[in-house]
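So that you can see what the record holds, here are the features copied from TrEMBL:
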- B:195-222: coiled coil (COILED)
- B:157-167: compositional bias 'Polar residues' (COMPBIAS)
- B:26-174: domain 'Mff-like' (DOMAIN)
- B:175-226: domain 'Mff-like' (DOMAIN)
- B:253-388: domain 'Large ribosomal subunit protein mL44 endonuclease' (DOMAIN)
- B:418-514: domain 'Large ribosomal subunit protein mL44 dsRNA binding' (DOMAIN)
- B:1-24: region 'Disordered' (REGION)
- B:130-167: region 'Disordered' (REGION)
Amino acid sequence: MASYSRAAQQWATFARSWFLIDGRMQPPGKIAALTVVRLEGRHKPVYHALSDCGDHVVIINTRHIAFSGNKWEQKVYSSHSGYPGGFKQLTAVQLHQKDPTAIVKQAIYGMLPKNLHRRTMMQRLHLFPEDVIPENIQKNLLEELPQPRQIPKRLDEYTQEEIDAFPRVWNPPQDYHMK
Amino acid sequence: MSKRTRSDSPLGRMSGPTFPSPAAEMAEINRLQYEMEYTEGISQRMRVPEKLKVAPPTASLEQSIQEGLPNASVTMQVPERIVVAGNSEDIPFSRPPDLDLLQSTPFKPLALKTPPRVISLSERPLDFLDLEKPPPQTPQNEEVRSVGRLKRERSMSENAARQNGQLVRNDSISGLSNLDVTIEGTPDDMTVVDAASLRRQIIKLNRRLQLLEEENKERAKREMIIKRWVRAYLEQQRLLAPPARRSEKPNWDYHMEIRAFSHRLHENFSLDLLKTAFVNSCYINSETIRRQNLELDKEVVALNLQDNRKLSEQGLSFSRSYLVRCFEEAYPQLPPAGILALIDFLTTEDVASYVAKNLSIQDLTLCAEFPVPSDVLHRTFFAVIGALLGSSGPQKTGIFVQDFLIPQLIGKDLFEIWKSINPMGLLVEELAKKNISAPEPRLTRKSGASTVLPVYFVGLYCDKKMIAEGPGETLLAAEEEAARVALRKLYGYTENRRPWDYSKPRRDLGVEKAINSN
């Protein structure tokens, strides 16, 4: 590109990047979509399925993901141990309580291509329930990706100045009884 | 006549072992049918049949059969060979295989009289000369004797040839039909027999026959099929063969090749200068030694060849000076060390020999060894440039050098050619010349620092503005790369610079001198 030497240009092109995503108040599916693109390497113009050009993705705050709708109670994660009577079905809540990274992990695993590269890509995925990351991984990080969902503000998160500054539709009279 | 009837039992010979049985059977049948008419006709004269038919019979032929012509009585057999002079054993060529096919095609009872297998004039003189009676002039005979008959015969034979796809037979048949007609035509002039003219005709025919036989043989050789298992072996032999000079292979005319070389390059070389340019000292040495070994008189076979050393030096010096001026004009910020590095690269042996090989100079050089070594090619290439300088002048030579040497820089990076050890020091010097403070390196981005494959991007900032950024495996490597990028930008030799302009005419030495003198 910008007049690099040949060796330096090649090194920079094929280097493996480390991305960080914060999962707080994010739908796990959207998080998974972003990470799968980066794990495969499809965000690079030099992508090829056999090139092994995927990057690392670190997801923090997986405990604080947010399902839309009633999925916490209604989404079921099933598994069978292989033994008779080994069919287990867990709701999202139960699974999340058992393992806070499992939901995101399952989402990503299901979105990756169903071939032998999948396991390799899963090894390049690093999930952390809170924002505590080991130091060696922290040193590797290149950049943080923007969150897919805009987090709405709760009413108690607004400051008094913002509330006052908000335009009122009408000013009720003094003796108006508000129910 | 009597001897003819006795000796002319061609039917017996006809049913010989080489003929396939259907033809022989038909011949037998026809013989029995038409024997009477046959003996009548043959007793009159030796007469070549009216129609020589090898294709399936047409209506006209059937008519003739029904009319019961004396000629349409015997199945025809084309003689194996017609020898006009000499013995039949003298001819070494085998019977053309095409004629076999001719006889193997089953044709309707054409009822033609059969001449013997081998007719030789020495055995059997032309009998029509002995005839007393003129041949009966039936209306059919008259039209038969016309030239149109020749054409018909020719066309029929051609048809047959086309049908069977053998041109060779066409020639031989037309030859034979020629022969037939000529022999046939002479009965008209029987009253005035000119032996000399006959002899002339016979000689002509003889020559024609010999040509045909040779042509036949050539064709047979050319049409030989190389089997697929032989093909691979021949290809291997061709590849294993030691490399030979082009001048030792066929179709080589040195003078013409030199002219063609000059013409191909769209240049006007003086040919003796060019020829001198191709002569190397090693060739002169080897040639003199060879001539000494042959023990020839030195004065007789003295080698009056000049070396190409002087021309080579002239060419090299001209190229260098020309390229210096080119680069100074194109890259004004590039320091002299850089320009020197570029020119040194363009005049190396590798580049020169690559260009020379692609201009086919290695075919034209006279050198002791083959394949021509690269230093010889390098010398010869610059000798050619020297020859061009002598023939056409500096301007044309400059264009030549520009056209063939400067494209060798395409795709090459400056620091690939110009090896520099300390780019950072060089950068600091360059910036100091421009009164800019030394650059500060800062880490712009990094990834995978604790892995075995890290990448660091270091940016160089002068007065808080970034002048260059470079990637690297380690921090030091990245800093060095950033310095190189900065230097490339300063010298104007980036990857995205404007490509070389070949259309711009450059001032040559002569003009410059004139300007300077004025």
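Glycine is no exception: its Cβ is also placed from the backbone N, Cα and C atoms.
Annotations in TrEMBL come from automatic prediction, not curation.
Mean pLDDT of the predicted structure over the domain 'Large ribosomal subunit protein mL44 dsRNA binding' (B:418-514): 91.
Each residue in the domain 'Large ribosomal subunit protein mL44 endonuclease' (B:253-388) gets a DSSP state, and the totals come to 94 helix, 2 strand, 40 coil. The DSSP breakdown of the domain 'Large ribosomal subunit protein mL44 dsRNA binding' (B:418-514), given as helix, strand and coil counts, is 34 helix, 24 strand, 39 coil.
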